[in-house]
Amino acid sequence: MAEELLLENNAKNSAHLTKSLLAVALLASLGSSMLYGYNLAVVNSPAQFIKDFYNETMVEIYDWAPDEEHLTVLYSLTVSIFAIGGMTGALLVGKLVTRFGRKGTLVRSSALVFIGGALMGFSRWCKMPAMVIFGRFITGVHSGIALSVVPMYLGEIAPKNLRGFLGLVPSIHICLGVFIAQVLGLHELLGKEEHWPLLLSLVVFPTMVQLMLLPWFPESPRYLLIEKGNVHATIAALKWYRPKGNIQAEVEEMQEEQRSLSSIQTISVRGLLMDRCVRWQVITIMVVNIGMQLSGIDAIWFYTNDIFRNAGIPDPYIQYTTVGTGAIEVISGVLGCFTIERVGRRPLMIGGFLFMGLCCVGITMSVLFQAQLAIMRYISVGCVVGIIAGFCIGPAGVPFLITAELFKQSHRPAAYTVAGCLNWLSNFTIGFVFPFLEMATGPYCYLIFCVICFGVALYTIFIIPETKNKTFMEISQMFAAKNNILEEELTPNGHLKLAMMNGYGTVGQHDEK
């Protein structure tokens, strides 16, 4: 039966974007990646209202009036607890995607959004600040899961020449989520004192749409074939995504990858970290994911209004300036999505980080000299916009994309667990520490971000190869030299001998002959 499905269509292998591929990319990102962006920015506009709520509740219930420093700590915890939830979710990714599949994990984890949204929505009515903090944590757990699973799912269903385009669709939705949060946070809309619980709880609506439609789409074909061994379901899923194409070559490529694995069991995080055959791949995802968050972008997303206020922008204009940056984010994300398959991953990463580093220097200089030159406040705003644009064009989505590309099936869940944990840990660090760092160092804190951006750009230049239009097997072979895998350890087609592997890359015992 499987052979009949393969042979019933003699068309050439389809590598163009189909409606099914685009629909699942948009749908998977809508209720997942967009919520991540929304939750990053949604606490920015109602910051003072949330602090006032904490203050009033503490006075009324506990007869304790917290000072400004305590309120800053509580608000910083509210902002950064989202990242702690994200790190918790990232730790669960490996087990969830192995047990439930990629699509199955996205569908099941959506229940967390309804729990978190309800907690935040009713917090003011219940007079419980802890509900806001715990609701942020729960939605963070969902984002931690989804932020890894969505690019993994899209990377596995996409043909190799569209993997970059589809891989950046989630980053567009992240930018769109930030923009929507900024627009809804305007004083004319939901940016009023009585509306902030509603603003925080609106995350349930896109998740509802995703939950109604995503179950109708097929599971990842690679998961179905390599991990479940279901050839018939794999072919049916591929024909759903490539309805007019002959998918025989793609099935054979998956089977070749399956044959290169002496074990189809998903490797553990410990096994991934101990595996010398993927050493540089692991180092790479560590560098790019930590660098992505410590580039300063989260500080700008979390504290945009404060940054513009410190730059001298009058208060009545700050919210509109913030919305303008959100529009720039969306435009930049779309630009990156439509250029990645043309220019490649490395140029977007290198250019993005270098431009962000230069803009960080610009912010420092503009704040230092704005007392002497009024134009410096506009330069400061321009540099903030530059950091956002540089980030959204490349670094926003490429790290998640290359995490899927640098590893084969058995190592991919563990790789996303490591990348996700480091990503969220760095996110938490910035969200919690930045207000105090800014108080201690002033505008010089952006020079720290500058050094990190330049460092990641240099690493990309000298270490990371271009993965555009390469199969997962070809990419793994590109790292063989860096990982000190000797030529005699490879089979004629460039793969590690099975005697040297347990799964993909875990070194075992040599056969004695």
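Here the Cβ of each residue, glycine as well, is placed from N, Cα and C on the backbone.
Taken from TrEMBL as is:
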DOMAIN    25-468  domain 'Major facilitator superfamily (MFS) profile'
TRANSMEM  21-38  transmembrane segment
TRANSMEM  73-94  transmembrane segment
TRANSMEM  106-125  transmembrane segment
TRANSMEM  131-153  transmembrane segment
TRANSMEM  165-184  transmembrane segment
TRANSMEM  196-217  transmembrane segment
TRANSMEM  280-302  transmembrane segment
TRANSMEM  317-338  transmembrane segment
TRANSMEM  350-369  transmembrane segment
TRANSMEM  375-402  transmembrane segment
TRANSMEM  414-434  transmembrane segment
TRANSMEM  446-464  transmembrane segment
Do any residues of this chain, six or more beyond the ends of the transmembrane segment (196-217), have a C-beta under 8 angstroms from a C-beta of it, and if so which? 20, 23-24, 27-28, 30-32, 34-35, 38-39, 42-43, 45-46, 49-50, 53, 103, 106-107, 110, 113-114, 116-118, 120-125, 132, 135, 139, 181, 184-185, 190, 240
Do any residues of this chain, six or more beyond the ends of the transmembrane segment (350-369), have a C-beta under 8 angstroms from a C-beta of it, and if so which? 291, 295-297, 310-311, 376-377, 379-380, 382-384, 386-387, 389-391, 393-395, 442-444, 446-447, 449-451, 453-454, 456-457, 460-461
Looking only at the domain 'Major facilitator superfamily (MFS) profile' (25-468), what is the model's average confidence as pLDDT? 84
Other than its close neighbours in sequence, what residues sit by the transmembrane segment (21-38), given a CB gap under 8 Å and a spacing of at least six beyond its ends? 103, 106, 110, 113, 139, 142-143, 146-147, 149-150, 153-154, 157-158, 162, 166, 169-181, 202-203, 206-211, 213-214, 217, 241
With CB pairs under 8 Å as the measure, which of the listed stretches 73-94, 165-184, 375-402, 414-434, 446-464 comes out on top against the transmembrane segment (317-338)? 165-184
Any chance you could find the range in 106-125, 131-153, 165-184, 280-302 with the most Cβ pairs under 8 Å to the transmembrane segment (73-94)? 131-153
What parts of the chain pack near the transmembrane segment (446-464), using Cβ distances under 8 Å and only residues at least 6 beyond its ends? 280, 283-284, 287-288, 291-292, 294-296, 299, 345-346, 349-350, 353-354, 356-358, 360-361, 363-364, 395, 402, 437, 482
Outside the transmembrane segment (375-402), at least 6 residues beyond either end, the same-chain residues with a Cβ under 8 Å of its Cβ set are 147-148, 151, 155, 163-164, 167-168, 170-172, 174-175, 284-285, 288-289, 291-292, 295-297, 300, 304, 307-308, 311-313, 321, 324-325, 328-333, 335-337, 339-340, 345, 347-353, 355-356, 358-360, 362-363, 365-367, 369, 419, 423, 456, 464, 467
So if I exclude everything within five residues of the ends of the transmembrane segment (106-125), which remaining residues of that chain have a CB under 8 angstroms from its CBs? That is, six or more out. 28, 31-32, 35, 53, 89, 96, 100, 131-132, 134-139, 141-142, 145-146, 149-150, 153, 196-198, 200-204, 207, 210-211, 214-215
Report, as numbers and ranges, every residue of the chain located at least six residues beyond the transmembrane segment (414-434) whose Cβ falls under 8 Å of a Cβ in that stretch; write 'none' if there are none. 76-77, 79-80, 82-84, 86-87, 89-91, 93-94, 97, 140, 144, 147-149, 152, 266-269, 271-273, 281-282, 285-286, 289-290, 292-294, 296, 298-299, 302-303, 399-400, 403-404, 406-407, 445
What residues in the same chain, six or more past the boundaries of the transmembrane segment (280-302), come closer than 8 Å to it by Cβ-Cβ distance? 40-41, 43-44, 79, 178, 272-273, 349, 353, 356, 360, 384, 387-388, 391, 395-396, 398-399, 402-403, 406-407, 415, 418-420, 422-423, 426-427, 429-431, 434, 446, 449, 452-453, 455-456, 459-460, 463-464, 479, 482-483
Near the transmembrane segment (131-153), which residues from the same chain, at least 6 beyond its ends, have a CB less than 8 A from one of its CBs? 28-29, 31-33, 35-36, 39, 43, 50, 53, 77-79, 81-93, 96-97, 102-103, 105-106, 109-110, 112-113, 115-120, 122-123, 167, 170, 200-201, 203, 220, 397, 400-401, 403-404, 412-413, 416-417, 419-420, 423-424
